[in-house]
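Annotation comment: TrEMBL describes Ser14, His73, Gly149, Phe150, Gly151, Gly152, Gly180, Gly200, Thr201 as substrate binding site. As annotated by TrEMBL, divalent metal cation binding site applies to His39, Asp41, His73, Asp178. Residues annotated as active site, proton acceptor in TrEMBL: Asp41. Positions annotated as active site, proton donor by TrEMBL: Asp178.
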Amino acid sequence: MSGHTLPCCKIGPSILCADLSCLADECRKMIHSGADYLHLDVMDGNFVPNLTFGHPVVKCLRPKMPDIYFDMHMMVQNPEKWVESMADAGANQYTFHVEACEDIPALCRKIQESGMRVGVGLKPGTPVETILPYSDLFDVVLIMTVEPGFGGQSFMEDMMSKVQYLRTNFPYLDIEVDGGVGPNNIDVVAEAGANMIVSGTAITGASDPSQVIALLRNSVENAIQKSQLER
């Protein structure tokens, strides 16, 4: 898992939870509220039951926000099919699900060669040990704290054991957590060692998104500082 710099806090609102009828405006609002990146959920109606958007939407968004980091969460079967299209559309990070991939090394190489960072996602039922043989190929590991593709689920706190394991064994890794994360559980997520925080309605549905982002950031930065002092 690449990198030799200790991870820093990054907050990425999940855009799927925003008003999609004015997507560009919603994205700008999130960035102006202090978000570090945008998390875009791509669902194919196959790997997960819902259907969202694909690379044409990303390509339309990119000129409107040329410098914003796009983290593509590819909840799709055959994720290798969409690498070139997403790279061409302007994506920065391509996070595929290990459960949907038959040849992990080949897909990681393909993503890297396209110029995007490599992310791998784990559904709640997938053991973290599944990805350890390929640990030098990823930039980011995404730990799902809900079942992907289903709405209205509660945050699964027991997934924090995966985060703790990864942080202990891969101190320089970007660890992303997605699913039901908000002010009421951010301390648990931060203390486990996650540094990339995806949050949906807790941010996009807030009357003051900047206040929520600041709260999430403060918790994560405090946890990072504490862990560095304990080294």
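Glycine is no exception: its Cβ is also placed from the backbone N, Cα and C atoms.
Remember, TrEMBL labels are computer predictions, not curated facts.
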Per-residue Cβ crowding (10 Å cut-off), top of binding-site residues Ser14, Thr201: Ser14
Remaining residues near the recorded divalent metal cation site, that is with C-beta within 8 Å of the centroid of the site residues His39, Asp41, His73, Asp178: Gly12, Ser14, Leu16, Leu40, Asp71, Thr95, Leu142, Val198
Minimum Cα separation from Asp178 (divalent metal cation binding site), reported as the residue among binding-site residues Ser14, Gly149, Thr201 that achieves it: Ser14
His39 (divalent metal cation binding site) CB neighbourhood, other CB atoms within 10 A: 28
Binding-site residues clustered about Gly149 (substrate binding site) [Cα within 10 Å; pool: His39, Asp41, His73]: Asp41
Cα separation, His39 (divalent metal cation binding site) to Gly180 (substrate binding site) (Å, whole number): 14
Ser14 (substrate binding site) and Asp41 (divalent metal cation binding site), Cα-Cα, nearest whole angstrom: 7
